[in-house]
Ligand SMILES: Nc1ncnc2c1ncn2[C@@H]1O[C@H](COP(=O)(O)OP(=O)(O)O)[C@@H](O)[C@H]1O
Ligand SMILES: Cc1cn([C@H]2C[C@H](O)[C@@H](COP(=O)(O)O)O2)c(=O)[nH]c1=O
């Protein structure tokens with residue numbers, strides 16, 4: 001039985017790396033895969049990992065129909081054993097339903113990778129549907145860490161190191177270096193406590209450096 005599997009984790013937890021490794025392992029055993037991604041940081045039609053590996057992919061625009069795409073390929077004589085679907089949080093709910101149909105009706109394994117929640121802590125449309133209908137939802141084992149050392153569970157959007165809570169849901173970007181915050185939109189992974197308090201690494205550092213205001217004897 002083919003499966004629809006959702007590998008989930010915060011930003012920078014190794015999802016794209018795992019997607020590339022999984023594709024490599026299946027290809028090494030003679031299986032034929034088809035790779036999709038959406039809004040990858042490295043550009044359209046690419047699946048890239050921060051470890052430096054990348055591969056061409058089919059760009060998933062809102063109007064891509066997975067069922068039609070896969071059936072078209074099979075009808076043209078291609079062989080497909082599995083799909084690798086990165087940045088699946090950006091897929092529409094209907095597209096995730098199409099992926100389930102591909103697994104069930106065509107016996108093709110579908111491996112999806114993505115973050116669960118956006119910078120406001122709300123589920124992305126694709127992730128919500130995957131949690132609802134995937135055969136398995138797996139959390140990545142390499143945990144990204146908050147600046148305090150706790151497990152990071154939330155993806156914060158930052159500007160100049162300050163967390164923001166308003167804006168477009170989709171803004172492509174990377175986790176920023178806390179020692180060099182950029183004025184552009186960046187991201188930082190935080191534990192829930194520090195996401196709730198909007199306490200980014202830059203803010204914590206500034207707090208630690210500020211002079212005591214209490215009158216000490
Ligand atoms: N210089 C490095 N050395 C070792 N591991 C690194 C390095 N840079 C990034 N990584 C690893 O790569 C992970 C990010 O991989 P990536 O697949 O791009 O993440 P995701 O797709 O989840 O955002 C980091 O969590 C870290 O474990
Ligand atoms: C939280 C959040 C993230 N994004 C974007 C930022 C990145 O381009 C991707 C996540 O990629 P990764 O491989 O998991 O690091 O998603 C966004 O558009 N909106 C958000 O709220």
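A Cβ is built for glycine as well, from the same backbone N, Cα and C atoms used for every other residue.
Substrate binding, as stated in TrEMBL, involves 170, 171, 172, 173; the candidate among 91, 187 given for that site is 187. When the Cα positions of 170, 171, 172, 173, 187 are compared pair by pair, the longest gap among these substrate-binding residues is 12 Å. Residue 187 (substrate binding site) falls within a strand when secondary structure is assigned with DSSP. Within 10 Å of the C-beta atom of residue 170 (substrate binding site) sit 12 other C-beta atoms, taking all shown protein chains into account.
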